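Trainee: What TrEMBL records for 7-30, 50-74, 79-98, 110-126, 138-162, 174-192, 199-221, 227-246 is transmembrane segment.
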Amino acid sequence: MKRNEKLGGIVATVAGIMGIIGHFVIFLNWYFRGMSAEAAEPGCEILLKWINPAMADLGILGGVIFLVSAYGFFTKKDWAFLLSCIAIVLSLQGAWFINVPFMAAGLPPVYFTIFWPFLIIFFVLMRSVGNLTWSRTLVGFLAGMAWVFCLMNGIASLSRIITIGSPFFALVQRMHWVAMLGWGVTTVSILIGAKEWTWVTGFTAGVLELVVGVPLAIVTAQELGRFSLFSLAPISCLILVAIMVWPENLWARWTNTVEV
């Protein structure tokens, strides 16, 4: 498939610079404010102390990989698009979750200032640079959101373990991260060229998150008396699993799966 390498180089350069500078500026200006916020809910200061740097790590790493992929695009290397896919998956992860504890602490969700541009960059990379079909782009996007939401469930469960010591959260916490890793691999594979093992990896991750995420969503919704953010991961996984098992090879047609 012919790719727009010139546009890819420009987009990857902009994304790399934005990711690196954005994370440096936001982190240095908001890290201590987050930990010292008076409105912080129990556990928020823990998340903001340890998870904020970890998310910044992902964002900065994503920015560096973007710059390397930009060089690859400008020199017409085959690996350039692969690196840009890895970079955007890391960048979206690094700019999403940390907004949740920020809002819980009564602070503005400052990382959305780079998340939304990265979301636009995702679609530009897939549609205009990689020339992917809309179906493949959207399935890849949904898998990417599952990767983001599974991480969120794992971190939020860890926070509950630390603050209230609930055995239910202790039981399921690590499995969210296993599902997250599965969806991360699946997302990149869909974007660069899905294989049969892509389906297997994604299906395993999806079923795992349904097994641990649905009970968690029900329990937390009952406790809160409203919709629980823990529901986002199992909802996204349910949609993906439904696409995977839909008759007439819907998954294979939408992702252009290559059988090996």
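Keep in mind that glycine also has a Cβ here, set from the backbone N, Cα and C atoms.
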Trainee: For the transmembrane segment (79-98), give me same-chain residues lying six or more residues beyond its boundaries with a C-beta closer than 8 angstroms to one of its C-beta atoms, as numbers and ranges.
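Mentor: Result: 3, 5, 8-9, 11-12, 15-16, 19, 22-23, 47-48, 51-52, 55-63, 65-66, 68-73, 111-112, 114-115, 118-119, 121-122, 125, 129-130, 144, 147-148, 151-152, 155, 184, 187-188, 191-192.
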Trainee: Look over the recorded stretches 7-30, 50-74, 227-246 and say which has the most C-beta pairs under 8 A to the transmembrane segment (138-162).
Mentor: 227-246
Trainee: With a Cβ cut-off under 8 Å, give me the same-chain residues at least six positions beyond the ends of the transmembrane segment (7-30) that come close to it.
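Mentor: Sequence-remote neighbours of the transmembrane segment (7-30) are 52-53, 56, 59-60, 62-67, 69-71, 73-74, 80-81, 84, 87-88, 91, 94-95, 102, 107, 110-111, 113-114, 117-118, 121, 124-125, 128-130.
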